[in-house]
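> First the structure, then my questions, so here it is.
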Amino acid sequence: MGSGSSSYRPKAIYLDIDGRIQKVIFSKYCNSSDIMDLFCIATGLPRNTTISLLTTDDAMVSIDPTMPANSERTPYKVRPVAIKQLSAGVEDKRTTSRGQSAERPLRDRRVVGLEQPRREGAFESGQVEPRPREPQGCCQEGQRIPPEREELIQSVLAQVAEQFSRAFKINELKAEVANHLAVLEKRVELEGLKVVEIEKCKSDIKKMREELAARSSRTNCPCKYSFLDNHKKLTPRRDVPTYPKYLLSPETIEALRKPTFDVWLWEPNEMLSCLEHMYHDLGLVRDFSINPVTLRRWLFCVHDNYRNNPFHNFRHCFCVAQMMYSMVWLCSLQENFSQMDILILMTAAICHDLDHPGYNNTYQINARTELAVRYNDISPLENHHCAVAFQILAEPECNIFSNIPPDGFKQIRQGMITLILATDMARHAEIMDSFKEKMENFDYSNEEHMTLLKMILIKCCDISNEVRPMEVAEPWVDCLLEEYFMQSDREKSEGLPVAPFMDRDKVTKATAQIGFIKFVLIPMFETVTKLFPMVEEIMLQPLWESRDRYEELKRIDDAMKELQKKTDSLTSGATEKSRERSRDVKNSEGDCA
């Protein structure tokens, strides 16, 4: 604004008129002729007089808009040179031109203003006649205004017009500044909206990435349920699933009842047939009037809602359900459990990890995922597994409990929720302590005791891989570590805490399993052995052997690391000696030279 206003600043020139200082102000838009006329008016000379300006040291000054400004102490002297004789036509033409220029927006840009003389005095003798003083007051009617008076009036009018013009210019500048501020405020507002939009886009991109990862890791089935989309509903197939009904051999049926069953030998369709066989073999289809076609649809829909994670996938679901099935036969659970309890145990085992995303509860809570927010950080995955299970069962085509009375369904629902939530390892110590208290006086007729026992049973089945033979159990360790590493890599990239047992730079297969077997698996199965002694030989003995095997593997790993350190130390020492020899040789060569 400062530079803008300075462009309209007029120039002031001080004239010495016979000892009287006259200040003349004119705009930079005036031309030389206009400035000369203004000086003539100021000195009282006719307008057509040619004058010259002299400095205090009698140097001539060019009369034009770029002439140097002076001060009261160094005024210019005005010296008339000649008077121009103009014809009437030329004078009229100049007058007309002057009248037209007065109509311009800046009101005859020539004259800005005059100041009254500060000091009075006489003109130098021998020069032009002094200008007569005008009488006070207005002219009488009919009296012609003298040219000098007319010029003075024109000058005053020009000054007033210039002031008005400047005022209008200031208003225009104010309006321009106001408009500029409005534009800036609008830009600030738009930038703020952009920030909000960017954050929303980041959130949408994150959701899209998770959805794409979920889609790529799962089979293409119309009955998908994703926790990323609340509006997606299950649309189970209304036709009979097309997987073939395998006729299981007696050897397979016998092996299926044992914990040593090799779960890696079977394709998904074969595993579905095995699960279907379990429901028939345990009498659940008969006792609860389950429609065989509905059972197949339900199993197929469950299969399609397990993701293709390295560990938490449909094969893991089958592994847990098969271990539960084998424990029913090994421990003769049907002698002390009702068929309703067996149905709850088997169905909860099948549904316990539905739609598992491959990232555990710790990640869900630290990353503040939708599941953690929805379930308030309380077992978000286990709550989600329950929700998906009952959303599938809510579809008539998949409701295997459709012929069970409402009270019975309520009991099944409550039992399944209790068991699936018990698979959260964060509750392991709490559940174990409660079960140990009840073990002293365990009562099969006590509902609380039975509920705790069922919770322990599903926990045993969920983490029972090391109970199986080494060739069956060991691949599961690789799968679990792969899923752990996938999570820890993502946690590192997102700046989240990383558990040491998941960090690929810190954990090995041996270190990952030794602590888990010694402090989680063995104590839990030892507690179960007190109720079911037959578990010791079939399940506890393999755990002891597995612990010993991994401890031996750890000793080998430690020995290899120690050997590697020694090798590295020797290599570095040899390298240093070689460098010393090279330096000695160079020094000796230098001495010889």
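Even glycines carry a Cβ here, placed using N, Cα and C.
Pulled these features from Swiss-Prot for this protein:
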- His312: active site, proton donor (ACT_SITE)
- His312, Asn313, Phe314, Arg315, His316, Asp353, Asp462, Tyr484, Ala512, Gln513: 3',5'-cyclic GMP binding site (BINDING)
- 104-122: compositional bias 'Basic and acidic residues' (COMPBIAS)
- 576-593: compositional bias 'Basic and acidic residues' (COMPBIAS)
- Ser379: phosphoserine (MOD_RES)
- 87-142: region 'Disordered' (REGION)
- 564-593: region 'Disordered' (REGION)
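Tell me about the surroundings of these features in the structure.
According to DSSP, His312 (active site, proton donor) sits in a coil region rather than a helix or strand. Its own atom aside, the Cβ of His312 (active site, proton donor) has 25 Cβ atoms within 10 angstroms in the protein chains shown.
Under 8 Å, Cβ to Cβ, and six or more positions away along its own chain, Ala512 (3',5'-cyclic GMP binding site) finds Val477, Leu480, Leu481, Tyr484, Phe501. The secondary structure of Ala512 (3',5'-cyclic GMP binding site), as reduced to three states from DSSP, is helical.
Ser379 (phosphoserine) has a Cβ environment of 21 other Cβ atoms inside 10 Å.
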> Counting across all protein chains shown, how many other Cβ atoms sit within 10 Å of the Cβ of Phe314 (3',5'-cyclic GMP binding site)?
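The answer is 22 other Cβ atoms.
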> Taking the Cα atoms as reference points, how far is Asp462 (3',5'-cyclic GMP binding site) from His312 (active site, proton donor) in Å?
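It is 11 Å, counting Cα to Cα.
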> Report the nearest neighbour of Ser379 (phosphoserine) in space among the recorded positions His312, Phe314, His316, comparing Cα positions.
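In terms of Cα distance, Ser379 (phosphoserine) lies closest to His312.
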> List the same-chain residues at least 6 positions away in sequence whose Cβ sits under 8 Å from the Cβ of His316 (3',5'-cyclic GMP binding site), in sequence order, or say none.
Asp353
> Provide the number of Cβ atoms within 10 Å of the Cβ of Asp462 (3',5'-cyclic GMP binding site), excluding the reference atom itself.
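Step by step: centre on the Cβ of Asp462 (3',5'-cyclic GMP binding site), count other Cβ atoms within 10 Å, giving 21.
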